[in-house]
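K.L.:
One structure follows; several queries about it will come next.
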Amino acid sequence: MIVAVDLNASPVPEDDQDDFGDQVEEYHAPEERVESAVDIARREREERKRKLKRERSDDKPVQVSQSPGHDQLFHTKILKSYDRSKLPPGWLDCPSFGQEIYCMIPSKVPLGESFNDYIIPGKRYSFKQVIHQQRVLGRKLGLVIDLTNTSRYYPVADLKKEGIKHVKIQCKGRNSVPDNLSVNHFVYEVTQFLFRQKHSRKYILVHCTHGHNRTGYMIIHYLMRTMSMSVTQAIKIFSDVRPPGIYKPEYIDALYAFYHEKKPEMIVCPPTPKWKRTPELVDLNGEAMPDDDDDDGVPGSPLHENHETDTIMTNDDVLGDEIPNDQQDAFRQFCFQTLKLGVGARGHMQFPGSHPVSLNRENLQLLRQRYYYATWKADGTRYMMLITMDGCYLIDRSFNFRRVQMRFPCRITNDGMAEKTHHFTLLDGEMIIDTLPDSKKQERRYLIYDLMAVNGVSVIERPFYERWKMLEKEVIEPRNQERFQSRNPYYRYDMEPFRVRRKDFWLLSTVTKLLSEFIPKLSHDADGLIFQIDNDCQLLFLYERGKKKLMEGYRVAFEEGSNPLHYSGKIIECSWDSDRQEWIFKRIRTDKSTPNDFNTYRKVMRSIRDNITEDILLNEISEIIRLPMYADRIRIDSKANHHTNMSRRR
């Protein structure tokens, strides 16, 4: 048993596709020139003349004498050229754009001038038309978000000349919805653009191929993460501004599943629009054919729901979805500012969560000098958690943030806070895996043991016990009240990726029961105790700067039949076998990016050599709790707990 003391509280693309990552370009606009109706008519008349001239030229006989191989290559090029100029199915009759929705304009993809030979003048919709039409409506574009899975539709240079920022987020459209990382990227880009446009109102054009399914899916995600509304309300808002809205049922189902909401029986997916149901665009069953540019020949990603499956859970499982690097950097800055910490000496930030240090005979005496509480040391994975209105973010020991879909309502107050959710609340805790004794079913649970900020306000200077009580009042109780009092009947807390509770701390006088009764009955692994000081407001860092040191004379024993080379370069966790005088391999620590340094090793070895047994610990504590400092506080705390329990019964 390890006894520890915590000294601080604190995706082969098609021929017409480009396989590239997300692109972000921004340019400054030159002097604007408004194209008049006379200019447009004159330009279109000249284009018709050039087209007629080319057609007459094509009627002249042409003799070509080439080898068969060259002839095949020629036809391949012609075919490819045709494919790149092929109009998206249903595009001609699809309405060009919808109404504004919070500075976003849902639109079908504008086609560059290379498509003009295939589109009659009255049906053309390029960025020249887009900019002119929006200007007539009093809107100036500042950002275009492209959700198509190809780059063949228009050159980005059309936007450079106008000083419009272009963001490419490639999303497949066949048999799949946009992946979660793409959604996170979209929401972040929109949020940042609108934040920077506080004093100059510009608009965002959001388009996929037709501006309905992928576009609607992304916009609805933005609404859900920035406004207080249900999925049903968000779907209706989009369908009102871009009729008929989303018409693929898998997109609608994915939205309800993602946000853990029960889909009302009254929700019926709109039929496929008439412009998408022309004879050449439907299959034998009368269903609309998928868009040509929306698939690269690989089956789409299946729809994932966030509830647990039958797979075996482990502490090494990766939870949550990636977020944009810029967003992660901003979150890191918030954490360090909240905790009043500076950037490390090496110029980068380290995980700022607390770590327990090993208990030895020297620091055991600290229990006599300050007032401590006790809790169990769970065998789980360390995570901090940042709660914002647009999502919750697990922070691992490598200081990386991953988004999980959770709901944390604020407590009910007289100013209407009941309708709001937490925004920039910072927690510290650990993720454990409970195995239910009867069903043997596994459940993840996040045990929160500290609160560092509430809605952007740092509370680290308050005593630990006060922060611990605030944690229950501000975070845990509002969730439980909404859940069990059916204040949000459509939200399903049982669909969340894990449960949440506050980790309990007890008076030092309960350590005997903690060891003999509580820990043996836990539904997850535990390997000792943690002692938490009452009023220490500083965080303790385990990381220390130092040189590597060769561990000469020490051995690590691996499981029989395993290949030690498999562990080369990996961080492993071991336990010390005092009889064999060697370390025993336990597991690979995928949650850690750096190993413990030599100073930490020395502290652990000292704790092992001191060999503080359970009997020694209990005897020491029995003496400590008789000290006046403990006797008085235990009496006061016991009385306070009694009154609290009586109030709850009433």
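Here, residue 1 is simply the first one shown, and the rest follow in order.
Including glycine, each Cβ sits where the backbone N, Cα and C put it.
Worth saying up front: this structure is predicted, and the values here are computed from it rather than measured.
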K.L.:
Can you match one of Arg397, Arg402, Arg411 to the GTP site that TrEMBL gives for Arg382, Asp428, Gly429, Glu430, Arg587, Ile588, Arg589, Thr590, Asp591, Lys592?
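P.N.:
That GTP site, as TrEMBL gives it, pairs Arg382, Asp428, Gly429, Glu430, Arg587, Ile588, Arg589, Thr590, Asp591, Lys592 with Arg397.
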K.L.:
Using DSSP, would you call Lys377 (active site, N6-GMP-lysine intermediate) helix, strand or coil?
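P.N.:
Once the DSSP labels are grouped into three classes, Lys377 (active site, N6-GMP-lysine intermediate) ends up as strand.
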K.L.:
Please give the maximum pairwise Cα distance, in Å and rounded to a whole number, for the GTP-binding set Arg382, Arg397, Asp428, Gly429, Glu430, Arg587, Ile588, Arg589, Thr590, Asp591, Lys592.
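P.N.:
Comparing all Cα pairs, the maximum is 24 Å.
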K.L.:
Translate the DSSP assignment of Lys592 (GTP binding site) into the three-state scheme.
P.N.:
coil
K.L.:
Per residue, counting other C-beta atoms within 10 angstroms of the C-beta, which of the recorded positions Cys208, Ile588 reaches the highest number?
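P.N.:
Answer returned by the neighbour count: Cys208.
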K.L.:
List the same-chain residues at least 6 positions away in sequence whose Cβ sits under 8 Å from the Cβ of Arg382 (GTP binding site), in sequence order, or say none.
P.N.:
Gly353, His355, Asp396, Arg397, Glu430, Met431, Asp591
K.L.:
On average, what pLDDT score does this prediction assign to the domain 'Tyrosine-protein phosphatase' (109-265)?
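P.N.:
Averaged over the domain 'Tyrosine-protein phosphatase' (109-265), the predicted model reaches a pLDDT of 94.
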K.L.:
Could you tell me which of these binding-site residues, Asp428, Glu430, has the fewest other Cβ atoms within 10 Å of its Cβ?
P.N.:
Glu430
K.L.:
Taking the Cβ of Lys592 (GTP binding site) as reference, which residues of that chain separated by at least 6 in sequence fall under 8 Å from it?
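P.N.:
Non-local contacts for Lys592 (GTP binding site): Arg397, Ser398, Ile571.
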